[in-house]
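K.L.:
What TrEMBL records for 1-58 is domain 'HTH lysR-type'.
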Amino acid sequence: MDWELCKTFVAVAETRSFAAAARRLRSSHPTVGRKIAELEGQLGIPLFARSNEGLSLTSHGQKFREHVDAMAAAALRAEAAVSAAGVQARGVVKLSIGATLASHWLMPRLGPFLRKHDHIQLEIITHPYPASVRRREADVVLRPVDSGEENLIGRKIGRLGTGFYASRDYAARRRLPERRDEWKGHSVIGFADRLSNERLARWSDAITRQGSMVMRCSSQGDMLAAARAGLGISTLSCFVAAAYPELVRVAPQKLVSVADLWLLAHPDLVDLPAVRAVIDFVRGSAREDRMRLRG
């Protein structure tokens, strides 16, 4: 059976729509529909039923999902058994990481690692949705939550601090707030993509509710650009804002949100030499930068 058809099946089962599955797979709605139809034709059974809430698995689909999950687990174990016997770390390693961490923290540190491990090819994945190790969308995951439903193993390797920042030009025009009751009249730059930043967005909105929301941005890169341009006060990762001397932190000793940073992998992958090399590198880098990441 074509594994690509199985991957499409899992994506549709988890997103409950062809369109959402297509976005996850970087495919198209018609292609996803054709693959599901092909898979149902091969099996001779309906896998999905339509409802007002979207697509749901039929009883046949639920049973097939169990077999697909078992196939994925067996493939991981087989790869680990073969690759772990090798001496040299080689091959492709997929690292799922937030876009901000990837561009502002990881990339500047990758040079020495890649020169030392020239047989490893890193694939950096910055999708807005959580990448699945079980479906081989990622081998290693760096994220501010623990293992969740995939039974991954790993550890907390640091903490990420987030604060409020404004440009020095903005601060020169008016006194920056030091307490929650001093935000009235201030321009606030908020989150447009609240789904991927729900906890942080709630925290930010609770503090800045007396201010005026002048704009919302879906990426931290745009929020950074807006703050640097003097458009208002923005929530930013402390390690990102610290690199820009034209930014000042609002109430630096008070207003900060901290999230744990977890480095995770599937238990059947951690002994692969290439995966182990990436894990050790990321963990060591986070240890060296723990104060900067914390803010």
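We count from 1, first residue shown onward.
Cβ coordinates come from backbone N, Cα and C, glycine included.
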K.L.:
Within the domain 'HTH lysR-type' (1-58), count helix residues (DSSP H, G, I), strand residues (E, B) and coil residues, in that order.
P.N.:
36 helix, 8 strand, 14 coil
K.L.:
Check the domain 'HTH lysR-type' (1-58) for me and report the mean pLDDT.
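P.N.:
Averaged over the domain 'HTH lysR-type' (1-58), per-residue pLDDT gives 89.
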